[in-house]
Protein chains: 2
Amino acid sequence: MPKDEFEWIRQHTPQRHFQKSLIEGIGDDAAVFASETEYNQLLCVDTMIENVHFKKKTMSPEDIGYKALAVNLSDIAAMGGIPVFYMVSIAVPGTWSDDELKGIYNGITDLGAFYQIDMIGGDTVSSPHELMISVTVYGKVEHNASLLRGNAKPGDYVFLTSATGRSAAGLDILLNKGRLSDFNEKEKVLINHHQRPKPKIIAGRTALKLQARIALNDISDGLASETFEIAEASGTSIELFKNQIPVAEELLLFSENKYWQWILYGGEDFEIVGTVSESDWLKLQEAMKREGIVLYKIGRVKEGHPSVTLIDGEKKESLQKQGYNHFR
Amino acid sequence: MPKDEFEWIRQHTPQRHFQKSLIEGIGDDAAVFASETEYNQLLCVDTMIENVHFKKKTMSPEDIGYKALAVNLSDIAAMGGIPVFYMVSIAVPGTWSDDELKGIYNGITDLGAFYQIDMIGGDTVSSPHELMISVTVYGKVEHNASLLRGNAKPGDYVFLTSATGRSAAGLDILLNKGRLSDFNEKEKVLINHHQRPKPKIIAGRTALKLQARIALNDISDGLASETFEIAEASGTSIELFKNQIPVAEELLLFSENKYWQWILYGGEDFEIVGTVSESDWLKLQEAMKREGIVLYKIGRVKEGHPSVTLIDGEKKESLQKQGYNHFR
């Protein structure tokens, strides 16, 4: 824990800023920025706790910082939004060195710089046991367009931006071997999906610009759970077709039973699941393709009580809305 | 920790909302709200950790919730702003019951309802040891007016909204006796200043509306430290006159040495310290008086290296920029 928090934060605050709307960043009681009338505003927050969401064994300080911001950018992506500013609250136990803390901030500010968004506030307090990091992201989105979970209607297709389950597989490897071991190429891919999952900002923006009725949700808690949230918010029933859900080749390192668990219930891939009407499906697929994003059509929205059913030939399995627990 | 976090949050989310600009509150990936072009935007965040900022012995669950929001409202007050929305992230250890968690949320939402501001997001995660609560507040403030710490100039008066040190005295009592003991009337006043300090939103608004060059800072870390921040941000030296600093009568229960420590270095009174030019002083004092706020003139801004000096007759004491530590 740095002795002079104020001085420390000043030292770790980027000198220049990206966003023209910023009036006062870090250094006063609150940040001040100008309204942009052509947009609505977005706000979200997510908290990561040591030994609940990460361990020193599984994530470097830089990874922790990266992911604490990325999980929020993923939420902005699922709203079709543009991230603008972020704030970082860290509670630091004495077992973490100043260098490790600096690593966390570097992980955050590097990702922030990539998206040209500015850190405009936060605080650093001490914590008796676990490190805790809570990031708030402020973003913006055009009026008269929204990608809410409640937008799904019977007849819609369910789509997915890419294969899920790789983050959970990467975590499994990290828990077994620790992050400082040697890994083969496929393991490295999986680990990278856990430590550095990419928020799908461009996918969200592309869906939004279509001006169609699209429901979107980012996959932080697992495909089943996030699809369930769309079903609940829309008052619909959703069928997923097992043979249409993509299976990443790196997952074939593991037993089928294991990887299907991860594909359906593993969290933090930050892929996007959504629904779109049959008539807009090709337009959406084409628009995504132009951005280099392959869309998978994995299911169908039906009338019925909120539920998610996995269809596998003749077999039907009711999927649970179970949250992702890292170390269960 | 509730089993279905989503369901739990839904149950504890107020059904109606106050702010017309809200488009989507809790329930999607991020909250959505409209821009208000006649204002600039404010954002701030503050985190409270069990056994660092509070103990079960010193604060009820409702007090904890209240204070986690209030500390942020105090920041908005120091910017002269109007609070609008807030988000709540809580990390809950298994040692806290669902009823206690509900108490925390009640403390938050009751204060939110008082200010007619809406909870629009947040998350609830589990924590291995301490309860942590991080609140983000979004507010707004008129253009072309600002009460930044850097606004002070040599010759300005230093003012204070009310006596400081009562929160620290209340904490001292609570640490000695625990919050469930019997207290006399004066002790109750002090304890109330610790558990339920009032953000000075009206004082901030009144200062802002004057359209004068005013520096403002809320006292969360102690009078000395917060005055120091104004000196640093303004590049000035500040003198405080000991015989002009108000001493709350309840503090006379304690030794002079003790209460002066609390007045100067005790945090979380949420009073406001600020500076105003000699020519605007009377106008400010009158405007505050109309709102029922007594302003104390406690010092003077001078040229010089950033510092705060306590003047006591012939004696001069250099005050330290030392943060407030609850359980040191």
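Glycine is treated like the rest: Cβ placed from N, Cα and C.
No curator has checked TrEMBL annotations; they are predicted automatically.
For A:27-141, the entry in TrEMBL reads domain 'PurM-like N-terminal'.
Sequence-distant contacts (6 or more apart, same chain, Cβ under 8 Å) of A:Asp218 (Mg(2+) 3 binding site) comprise A:Ser74, A:Asp75, A:Ala77, A:Ala78, A:Pro199, A:Lys200, A:Glu226, A:Phe270, A:Glu271, A:Ile272, A:Val273. As annotated by TrEMBL, Mg(2+) 3 binding site applies to A:Asp29, A:Asp75, A:Asp218.
For the recorded site, A:Asp29 (Mg(2+) 3 binding site), the DSSP three-state label reads coil. Around the Cβ of A:Asp29 (Mg(2+) 3 binding site), 28 further Cβ atoms fall within 10 Å across all displayed protein chains. Look at TrEMBL and you will find A:Asp29, A:Asp75 tagged as Mg(2+) 4 binding site.
Cβ-based neighbour count (10 Å, all protein chains) for A:Asp46 (Mg(2+) 1 binding site) stands at 25. Per TrEMBL, Mg(2+) 1 binding site is recorded for A:Asp46, A:Asp123.
For A:Asp75 (Mg(2+) 3 binding site), the number of other Cβ atoms no farther than 10 Å from its own Cβ, over all displayed protein chains, is 28. Secondary structure from DSSP puts A:Asp75 (Mg(2+) 3 binding site) in a helix. TrEMBL lists A:Asp46, A:Asp75 with the feature Mg(2+) 2 binding site.
The Cβ neighbour count for A:Glu268 (substrate binding site), using a 10 Å radius and every protein chain shown, is 27. Sequence annotations record features per position, and here TrEMBL assigns substrate binding site to A:His53, A:Glu268, A:Tyr324.
The ATP binding site annotation in TrEMBL covers A:Tyr105, A:Gly122, A:Asp123, A:Arg149, A:Ser220. According to DSSP, A:Asp123 (Mg(2+) 1 binding site) is assigned to a strand segment.
According to TrEMBL, the feature domain 'PurM-like C-terminal' maps to A:153-308.
The Mg(2+) 5 binding site annotation in TrEMBL covers A:Asp221.
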Inset, instruction - Have a look around A:Tyr105 (ATP binding site) and count the other CB atoms within 10 A of its CB, chains all included. - result: 22
Legend entry - Intrachain C-beta neighbours of A:Arg149 (ATP binding site), sequence separation six or more, cut-off 8 angstroms: A:Ala215, A:Leu216, A:Asn217, A:Glu229, A:Ile230, A:Glu232, A:Ala233, A:Ser234
Legend entry - Proximal to chain B - binding-site residues among A:Asp29, A:Asp46, A:Gly122, A:Asp218, A:Ser220, CB under 8 Å: A:Asp29, A:Asp46, A:Gly122, A:Asp218
Legend entry - Largest tally of Cβ atoms lying within 10 Å of a Cβ, found at which of the binding-site residues A:Asp123, A:Asp221: A:Asp221
Inset, instruction - Specify the count of other C-beta atoms within 10 Å of the C-beta of A:His53 (substrate binding site). - result: 27
Inset, instruction - Fill in the CA-CA distance, A:Tyr105 (ATP binding site) to A:Asp221 (Mg(2+) 5 binding site), as an integer in Å. - result: 25
Inset, instruction - Specify the nearest of the binding-site residues A:Asp29, A:His53, A:Ser220, A:Asp221, A:Glu268 to A:Asp123 (Mg(2+) 1 binding site), where nearness means the distance between Cα atoms. - result: A:Asp29
Legend entry - Those binding-site residues, out of A:Asp29, A:Asp46, A:His53, A:Gly122, A:Glu268, that come within 10 angstroms of A:Asp221 (Mg(2+) 5 binding site) at the Cα: A:Glu268
